[in-house]
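S.K.: One structure coming up, written as structure tokens, with questions to follow.
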């Protein structure tokens, strides 16, 4: 593929890792961020020690403080900013863009208040001629592994499969491989909702429970993710793929996962405000829990794990008691995930 100019919006761990993948493939990569010291560090020392202590980035990766400079004559834009600021950044991008580009995002969450998926936010904010070609990049991936070029397989989802194949082409190489999918709703809901289940799995670990309990919360968590996703219009088969069960396994079992670590700390009795302060990173599963709970209540979707975590985080219920209470819920058929 011809060399592309790509703006990566967000110099966090995942944005930095994806920037390196694109750079390895010979593309011109421009990272944009709003922390001056971090941008200077990337340009001058070729490091991003806020997230990676021992990683040296390629000198060809450039970082920008001015969004207009990062966007100048690019072929594609990759949003990797926290969910809560995606709309704000998209508005800024829309004001500055003077040509058509491919718009991608690699964040996982649901917007508080509106309950919207990130591609919907982008559709509402970017120029109309680009709205049908938004691509979601999502799947089982720890930035800590991708940055050292461990094998990673994820999904590129778009209503327009030709654009999804373009994204597949700019990212794929010997250690990083993308598969295409047209089910944007399924891929996005899987990526957002698995963070809630990861909090639950981490909490079980923090409370001292073993593998049986963790396997139960992950598999039953997948059932309620699917239940809500299908209600929203997703294809249930998507949840058996990379962006579904694959991402849930990675996030729900690993110490690399900030959502799992947050749950682990909650399970050990730490206060949420202390956990967020100590981590110094966005824990998307916390805000997504509230959004998912509200959607489930509105649509009448049975989500017991999400409800238990919501009650412990937002209503002050004891997390151990909330989780154990699920054991006394009505007995159900495993195969009737789409029914109450």
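Heads up, the Cβ atoms here are built off N, Cα and C, so glycines get one too.
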S.K.: Which of 45, 108, 320 shares the NADPH site with 13, 14, 143, 258, 282, 284 per Swiss-Prot?
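M.R.: Site partner of 13, 14, 143, 258, 282, 284 for NADPH, according to Swiss-Prot: 108.
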S.K.: For the sn-glycerol 3-phosphate site that Swiss-Prot assigns to 108, 139, 141, 194, 257, 258, 259, which of the candidates 150, 247 is also assigned?
M.R.: 247
S.K.: Residues with Cβ closer than 8 Å to the Cβ of residue 143 (NADPH binding site), same chain and 6+ apart in sequence?
M.R.: 12, 13, 14, 16, 17, 51
S.K.: Excluding 13, 14, 108, 143, 258, 282, 284, please set out which residues of the same chain place their CB within 8 Å of the center of the CB atoms of the NADPH site, keeping sequence order.
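M.R.: Leaving out the recorded residues gives 12, 107, 281.
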S.K.: Closest to residue 284 (NADPH binding site): which of the recorded positions 139, 141, 194, 247, going by Cα position?
M.R.: 194
S.K.: Of the recorded positions 141, 194, 259, which one sits closest to residue 108 (NADPH binding site) when you measure Cα to Cα?
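M.R.: Result: the closest of the recorded positions to residue 108 (NADPH binding site) is 194.
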